[in-house]
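Chemist: Features from TrEMBL:
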type     : residues  : note
DOMAIN   : A:130-420 : domain 'NADH:quinone oxidoreductase/Mrp antiporter transmembrane'
TRANSMEM : A:6-24    : transmembrane segment
TRANSMEM : A:36-54   : transmembrane segment
TRANSMEM : A:74-97   : transmembrane segment
TRANSMEM : A:132-152 : transmembrane segment
TRANSMEM : A:164-186 : transmembrane segment
TRANSMEM : A:206-232 : transmembrane segment
TRANSMEM : A:244-266 : transmembrane segment
TRANSMEM : A:278-297 : transmembrane segment
TRANSMEM : A:304-324 : transmembrane segment
TRANSMEM : A:330-351 : transmembrane segment
TRANSMEM : A:371-389 : transmembrane segment
TRANSMEM : A:452-477 : transmembrane segment
Amino acid sequence: MEMNNLVVLPIFVPLLTAVILMFISKKINIQRWISVGASLVTVMIAGLLVHHVSTDGIQTLDIGSWPAPFGITLVSDMLSSLLVLTTSIIGFAVILYSIYSIGEGREKHFYYPIVQFLIVGVNGAFTTGDIFNLFVFFEVMLMASYVLLVLGGTKIQLRETIKYLTVNVISSSLFVIAVAYLYSIVGTLNMAHISQRIGLLEEIPGILTVIAILFLIVFGLKGAIFPLYFWLPGSYYAPPVPVMTLLGALLTKVGIYSIARTYSLFFYHDQSYTHDLLLVLAVVTVLIGVVGSIAYWDIKKIIIYNIITAIGVILYGISVATTTSMTGSVYYLIHDMIIKAALFLLIGIIVNITGTSNLKKFHGLINDYPVLAWVYFIAAISLAGIPPFSGFVGKWLVIQGGMERGELIGSVIILLTSLLVLYSVMKIFIYGFWGGKDQDYPDQHSISYNKLLIPAILLTVIAVLYGFGSEFVYSYVAQAVDTLMNPEIYIEAVLKE
Amino acid sequence: MELLMAILIGFLFASATYLLLSKSILRMIIGTGLLSHGAHLLILTMGGLKKGAVPIVNGDGTPVTDPLPQALILTAIVISFGVTALFLVLAYRGYQELGTDNMDELRGTDGNE
Amino acid sequence: MRSGDLILQTMSKVVFFIIILFSIHLFFEGHYRPGGGFVGGLMTSGAIILLLLAYDIKTVKKIIPFDFKWLIAVGLFISVVTAGGSLLFNVPFFTHVHDYFNIPLLGKTSLHTAALFDLGVFFVVVGVTLTIIQTIGESE
């Protein structure tokens, strides 16, 4: 395998775009179209990367020509390249949506460059093969998210950003501490090399479990697993919808990806403590998410709590750690990123029309907005995993994997909570869309309404295709899971032994 | 020397935790600063406190210090510089807009009904 | 922020240039010894902050008549383009090259593309620091 600069392009293109956009922060129209164009280019590059990985295996790039394990190596295996592709698609859709909804004030204050920086961070975190570099990309991503969260400077935004920032600064310090401990044992930072060195240890030292839990805390805070989800509902509620979509669809998933990566690459030797803990946490996370999404009558909150439910389902598959459950998790991870983004955008349109996110204050939207209603319906049943829509395959495999391992209780809970997820999103459909029309909404939004629908429909269509084409997707997912289940493949590709 | 470092790091972490638990945002910012200082010292200690030359290999077998922890710390310092600066600006803006730097008064309930 | 302290103003007129010179020294020193873009940039912004303390923001704006956010963009641009330049030569991203040149007065000097990257870092650090100071200072 020779060097391949294609690996770095999904990071480099948004970075260069962000810098260029910073120069023209006052020219909104040019900014918009450069953003759209660049994110489209990123999507195409990411697609090409997936194709390369599927035909030629794992692609690596030794940054600055420093050979692995001495320098930083970027590694695109199937999992990371699929996630990079998904991220780029969501980035494209959100930018398209932002053009008609984010408002000139934010656009003039570096909104578009910061969105690109966020994508740099997320794509980088998915791609890097170096544990400290992962920390750096986390920080890029977080820094962008702080600014996006507070941009606009309303009171609720300031208040929530202060909390969000405090939580994440502490978790970043924990990340550095965990890396320091890990370094003291293995003396390397290259993830493949760490995995190899841990494999060579005669006896797995107890401190490795401590490190595993430290990493779980760090990534769990980002991924919002129980009991570290407490900051999420408040923080994600504060910013405008496009920002909420980016954070909700991407950031938590980076945390989950990092758990999957480190637990399959470093901490797979002694699973008795760590993976059992993960299993319990996953089930509780699902329950918390479901309770929240049923209890609230605020449509934003309902979808936000559904993020937590999905995190639990994905984590459950990772903790069971069989090929079947991992396949389910990867399926569900990508599905959830797309469908959550679609749902957030649709919720945004509803709020845009009605001027409120309180479900008790509006109904009968289907009379005036039939397209919105039916797109929402499709997205909702996709989320709930009604076959053959996209959530089904992933959840089914996760549950099946759990059953195979004899984890009956957890699997049954996840199966039953699917019904409650369905109820929580159908609640919006029944109360918000059905019923007689008894109020007129101000018509000033009608111009942008159709344009706002385009990205939401785009994402929903992708989700539907993802569901109906799961046979086609399977070969890609299988390749991703193969690497997760067999760390040797990853190690060989990076260290070229 | 390692023991001394361990005690120092522990002391920094303890102070940081104490400050982070206080209600004033300014104290919390100082707390996060101490926390990251402790983490940086931890990297230095974990990399091994060796008495080697600067890490430029001459090929004559003289011991050199591991350059990696230093690079990591520099990176971490730059990042915590940026984050702390942002936090300060945010705290200041928050103080202007919300009129308080007491976390107790930042308990938000709107959007939680 | 307004300070009429004559001693501080007179002193900073001299000290400012000394600090700037030292920061440039630190920047170039960074290639083989401790120093570099980050420290140099911090030192330069320190010098400018000294001016801010001695005079006020309006005076400093007259001396440095551009937006500091623009400086961040310039710095990032230099760094990103330096790193991305390697893509054009079909070598891995961030690959650097250096060579020795005979420069009049300085003699045999090594020139390195990493220094260009560091120059970008220098600008970014100055830009970020001053933007922050300005954000807090201006609203008073």
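Positions of Cβ are set from backbone N, Cα and C atoms, glycine also.
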Chemist: Do any residues of this chain, six or more beyond the ends of the transmembrane segment (A:36-54), have a C-beta under 8 angstroms from a C-beta of it, and if so which?
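Modeler: Same-chain contacts beyond the ends: 4, 6-7, 9-10, 13-14, 17, 76-78, 81-82, 84-85, 87-89, 91-92, 95-96, 99, 116, 119, 123, 475-476, 479.
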Chemist: Would you confirm whether the transmembrane segment (A:278-297) and the transmembrane segment (A:371-389) meet the contact rule of 3 or more C-beta pairs below 8 angstroms, pairs 6 or more apart in sequence?
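Modeler: The transmembrane segment (A:371-389) and the transmembrane segment (A:278-297): touching, no.
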Chemist: Taking residues 6+ outside the transmembrane segment (A:330-351), which of them lie with a CB under 8 Å of any CB in it?
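Modeler: Same-chain residues near the transmembrane segment (A:330-351) but 6 or more away: 79, 82-83, 86-87, 89-90, 93-94, 97, 101, 240-242, 244-245, 248-250, 253, 256-257, 299-300, 303, 306-307, 310, 313-314, 317, 357, 362, 365, 372, 375-376, 379-380, 382-383, 390-391, 393-395, 397-398, 425, 428, 432, 449, 452-453, 455-456, 459-460, 462-463, 466-467, 470, 473, 477, 480-481, 484.
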Chemist: What residues in the same chain, six or more past the boundaries of the transmembrane segment (A:244-266), come closer than 8 Å to it by Cβ-Cβ distance?
Modeler: 79-80, 83, 87, 90-91, 94, 97, 115, 118, 122, 125-126, 131, 134, 138, 141, 145, 148-149, 182, 191-192, 194-195, 198, 208, 212, 215-216, 219-225, 232, 235-237, 274-275, 278, 300, 303-304, 307, 311, 314-315, 318, 321, 326, 329, 333, 336-338, 340-341, 344-345, 348, 484-485, 487, 490
Chemist: Quick test of the contact rule: Cβ under 8 Å, at least six residues beyond the ends. What residues does that give for the transmembrane segment (A:452-477)?
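Modeler: 50, 54, 78, 82, 89-90, 92-94, 96-97, 100-101, 327, 330-331, 334-335, 338-339, 341-342, 345-346, 348-349, 352, 371-372, 375, 378-379, 382, 388-393.
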